[in-house]
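Here's the structure we're looking at; comments come further down.
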């Protein structure tokens, strides 16, 4: 490999940290300033530049320049400032870069761009993108349901890139072993189709047999090329997400973050709340506000946990209610998704069914103790709704977890104030600490970043053949043991600043459960050791 190729390869490049011996051996003499820096000095210099950027969007652009030139330095810096950088590198700032991707495009970032019109190119595309790297983890999106901002076509590749950044920063998954993938199946966003600078296919989305055939071919090819692959589905539309997951979850090690990941972290937050009150999950009434992939997935996860705690499936479903655009879901509605149908009620059981299009009326009628918002409908959790929740139970669980910030159902501060500090709160974006009547309430972030990195690390370390419900349950339980139930105002989820420790605990729980179920192919029998041995550190 030639000198300039090394300097242009982000997996190999050290920049000014190449030693004199390395510069001599690699033909780099005279191509770098004479001073040899440590990674600490490089990070100090880079962070100083970062602080000069006036907006989060410009800060993200700067950090992506580092990412594109030196992965090790990028992750060293990210680990050092993980709480500060997370909302810049990922949600919410990434939404702005996705919306402007075609106009800001500079570097493909070793992503694989799959074109639904050319299935014959899948093999070549994946091999070209991977090069000589052994890929263990793929995050793939078709970008139909990005981060509450909708359909962004090829531009959604940034969500795959961003997700993998969190995998590495939080759990130490080797960045050379990951591959971001986007399936360009078209887009229904008119502004993209009419933009001559849009870099994706200028066609409306393709659905049905052609779409599923392409996905099948992608999965088969990826599994063939990368035999130890863990496949993560991200931000697929509600019409396809559950179908795809159900097609593959009993065949390969795979995971859908929107359907499963959010459910795990919300369940962990519920466990954290119930640890404080001493109540049982099977005594709760759950209201899902927003019946898309995330909302239905969370409800499904909590339902599965109720069943594991002793209820029959039918008994457990009686504890659940779901509201979507048409109001409370009834089984006579024609447009229910497969994921929504189990939660739909019989209209005849509710004499005021016609009034069940309003959240407040539903809360007063079905008397939930848990309210989770995934609607992206800002302001939906009004003061009256919060007060009605408090009338149902002494300490309600209220999680407005829609993101980005402008899509939240309410703010944590409003929930604390309107509930007089009684409600347990977690939000989908960082909310910090809220002082109310002398108590500092630390607001947990129901951020999937607490769960999916560790889950992935556990899957890779154990070389698990499948991701089972039991392994997912183990991940959720591992979260709940990390909060302090005796501290007033304590968060119901561990703060993101501890995500590295959280990820190790989640990984160990998942790997050990896989081992118990006889699903591991790793030669290592000590799963805690397997997890620690696999963890990658950003060092030269």
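Backbone N, Cα and C atoms are what each Cβ position is placed from, and that goes for glycine too.
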Of 216, 258, residue recorded by Swiss-Prot at the Mn(2+) site of 234, 235: 258
Further NAD(+) ligand in Swiss-Prot, beside 291, 292, 293, 294, 403, within candidate set 247, 361, 392, 448: 448
Nearest of the recorded positions (163, 234, 235, 448) to residue 291 (NAD(+) binding site) - Cα to Cα: 235
Spatial neighbours of residue 163 (active site, proton acceptor) that are distant in sequence (at least 6 apart) but have CB under 8 A: 90, 139, 180, 232, 234, 257, 452
Nearest of the binding-site residues (235, 258, 448) to residue 293 (NAD(+) binding site), judged by Cα-Cα distance: 258
Cβ neighbours within the same chain of residue 403 (NAD(+) binding site) - under 8 Å, at least six residues apart: 91, 92, 147, 148, 428, 429
Shell of the Mn(2+) site beyond 234, 235, 258, same chain only (C-beta within 8 angstroms of their C-beta centre): 141, 145, 146, 159, 233, 236, 241, 256, 257, 293
